[in-house]
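Report on the following structure.
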Amino acid sequence: MVNMKASMFLTFAGLVLLFVVCYASESEEKEFPKGMLSSIFAVDNDFKQEERDCAGYMRECKEELCCSGYVCSSRWKWCVLPAPWRR
């Protein structure tokens, strides 16, 4: 009975270890393309867009900084399209 408990514990510990190793290697694989793409498409300060005076659709807003045609959502703090239920 003790051997069965020990073997079940070792099997479970092995599965947990396998899961951790697979998760770690997968997360490293996900970071590699992101790092490569960010270095390829790195934006220089000369090419950055100028900041707008107002925030566009789905941009973060504070008080009344949304562009015309949009309203600041009180719940999400994003600029959204005005609708009758958002008055």
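Using N, Cα and C of the backbone, Cβ positions are placed for all residues, glycine too.
Predicted, not measured: the structure shown is a model, and the values here were computed from it.
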Inset, instruction - From the candidates Cys54, Cys66, select the one that Swiss-Prot records as forming a disulfide bond with Cys79. - result: Cys66
Legend entry - Member of Cys67, Cys72 annotated by Swiss-Prot as disulfide partner of Cys54: Cys67
Inset, instruction - Choose one of Cys22, Cys72: the cysteine that Swiss-Prot connects to Cys61 by a disulfide bond. - result: Cys72
Inset, instruction - Fewest other Cβ atoms within 10 Å: which of the disulfide-bonded residues Cys61, Cys67, Cys72 wins that one? Let me know. - result: Cys67
Inset, instruction - Look up Cys61 (disulfide bond) in the DSSP assignment and report helix, strand or coil. - result: coil
Legend entry - Spatial neighbour of Cys54 (disulfide bond) that is closest, considering only the disulfide-bonded residues Cys61, Cys66, Cys72, Cys79 and their CA atoms: Cys66
Legend entry - Fewest-neighbour residue among disulfide-bonded residues, criterion Cβ within 10 Å, set Cys54, Cys66, Cys79: Cys54
